[in-house]
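J.: So TrEMBL says this about it:
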BINDING   20, 27, 156  xanthine binding site
BINDING   128, 129, 130, 131, 132  5-phospho-alpha-D-ribose 1-diphosphate binding site
DOMAIN    48-154  domain 'Phosphoribosyltransferase'
Ligand code: 5GP
């Protein structure tokens, strides 16, 4: 998606350790008009899927997921990160290693909000090694719901998450795929 690539070129900061910082429009300050265009694009890409729910993971997926949901007219559920399972009632859970914080979280969703009738679109801000998305897939599978697709804002194409998910047969749509980025020069190359 040209608009997102332009914005990453303009405002993205390439950090050491394979991290792209996009705090100016996605991860801290949020550009809702851009999110709205992203929602429109996901709706086009998943138009033929019977999606009735969006699932994301706190915190940075929530903002995008909410704006995307306006285009699908469906509710958003976000998986909560916790270190002790202390939510009321029963939950589905999985373990996710955070790429940016380098620690393992239990991730939970209440059984009230996912069921075998659900057809779920997973939305997240970044895809790197795929830990977050795999944790969400595990939760969806435990609930008996169906994964209809995965929508990502920014995929880092050299990390294994994207290839692994596509090889497994999931419809994975990333609006910008970074092929490479150089912390020394700040240069960012996109895959088309
Ligand atoms: P994964 O679980 O695929 O390894 O990493 C994806 C998760 O880590 C996303 O939910 C995102 O919050 C975070 N993440 C991974 N790489 C980056 C990055 O380069 N920049 C930012 N801002 N977040 C990232």
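Keep in mind that glycine also has a Cβ here, set from the backbone N, Cα and C atoms.
Heads up, TrEMBL stuff is auto-annotated, nobody curated it.
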J.: Quick one: which residues besides 20, 27, 156 have a Cβ within 8 Å of the xanthine site's Cβ centroid, in sequence order?
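T.: Going along the sequence, the neighbours appear as 12, 19, 21, 22, 125, 126, 128, 154, 178.
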J.: Around the 5-phospho-alpha-D-ribose 1-diphosphate site formed by 128, 129, 130, 131, 132, which additional residues qualify by having Cβ within 8 Å of the site's Cβ center?
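T.: Same chain, not in 128, 129, 130, 131, 132, Cβ within 8 Å: 97, 99, 127, 133, 134, 159, 161.
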J.: Report the same-chain neighbours of residue 132 (5-phospho-alpha-D-ribose 1-diphosphate binding site): residues 6+ apart in sequence with Cβ closer than 8 Å to its Cβ, ordered by sequence.
T.: 57, 61, 96, 98, 99, 124
J.: Looking at the binding-site residues 20, 27, 156, whose Cα is closest in space to that of residue 131 (5-phospho-alpha-D-ribose 1-diphosphate binding site)?
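T.: So, spelling it out, the nearest of the binding-site residues is 156.
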J.: Which three-state DSSP class does residue 131 (5-phospho-alpha-D-ribose 1-diphosphate binding site) fall into?
T.: helix
J.: Three-state secondary structure of residue 20 (xanthine binding site) from DSSP?
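T.: The residue in question, residue 20 (xanthine binding site), is strand (DSSP, three-state).
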J.: Just report the maximum Cα pair distance in Å for the recorded xanthine binders 20, 27, 156, no decimals.
T.: 16
